[in-house]
Every structure is written in structure tokens, then in C-alpha cells.
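As annotated by Swiss-Prot, Zn(2+) binding site applies to H14, H70, H76, E77, with the evidence given as a curator's inference.
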Amino acid sequence: MSQIMYNYPAMLGHAGDMAGYAGTLQSLGAEIAVEQAALQSAWQGDTGITYQAWQAQWNQAMEDLVRAYHAMSSTHEANTMAMMARDTAEAAKWGG
């Protein structure tokens with residue numbers, strides 16, 4: 001049977017990258033919101049009402065996406081830490 005080796009520092013780095021991507025998405029969302037605000041003032045009547053509904057959906061989707069990236073990052077980090085702790089405990093049993 002072959003031995004499975006994990007690169008825990010790289011895995012934790014990946015979790016950090018994922019958290020950074022969430023920040024990037026949030027920043028891009030803020031930039032897009034500025035552009036959308038300019039459009040909002042130009043749309044009146046039925047078009048404005050339709051725009052408001054679309055904007056609410058967009059805002060919710062952006063929040064959900066950022067929240068999902070944060071959740072994936074923290075889950076990946078927690079699982080990596082748990083695996084590393086388990087590996088350390090098992091290695092200690094064998095004098096490693």
C-alpha cells in the first residue's frame with residue numbers, strides 16, 4: 001500500500017487564497033454597485049420598478065456568493081487543521 005502525503009502548508013495557503021477571492025468578489029461587487037447607481041437614477045416608471053427588482057436580486061446573489069466563498073474557505077481551513085491534528089496524533093502513536 002502506498003503512503004498518502006498531504007502538504008498542509010499548501011492546503012492552508014489555498015484556504016487563505018479562497019478567503020482573498022471572497023474579498024476580491026466583494027470589491028468588484030462594490031465597483032459594480034457604483035456603476036449601477038448611475039443607471040438607477042436614469043430609469044423611471046415601469047423601467048425603474050423593474051430595475052429595482054433586478055437590483056435586489058443582484059445584491060442578494062452577490063452577498064450569497066461572497067458568503068459561500070467565505071464558508072468554503074473556512075471549511076477548507078478547518079478540515080485541513082483537523083486532518084493535520086489527526087495525522088500528528090497517529091504519528092505520535094508510532095513514535096513519529
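Each position is counted from 1, following the chain as shown.
Quick reminder: no glycine exception, Cβ is built from N, Cα and C everywhere.
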Residues lining the Zn(2+) site besides H14, H70, H76, E77 (CB within 8 A of their CB center) are A15, G16, M18, A19, M72, S73, S74, T75, T80
Judged by other C-beta atoms within 10 Å of its C-beta, the most isolated of the binding-site residues H14, H70, H76 is H14
Long-range Cβ list for E77 (Zn(2+) binding site), cut-off under 8 Å, min separation 6+ in sequence, same chain only, gives L12, A15, G16
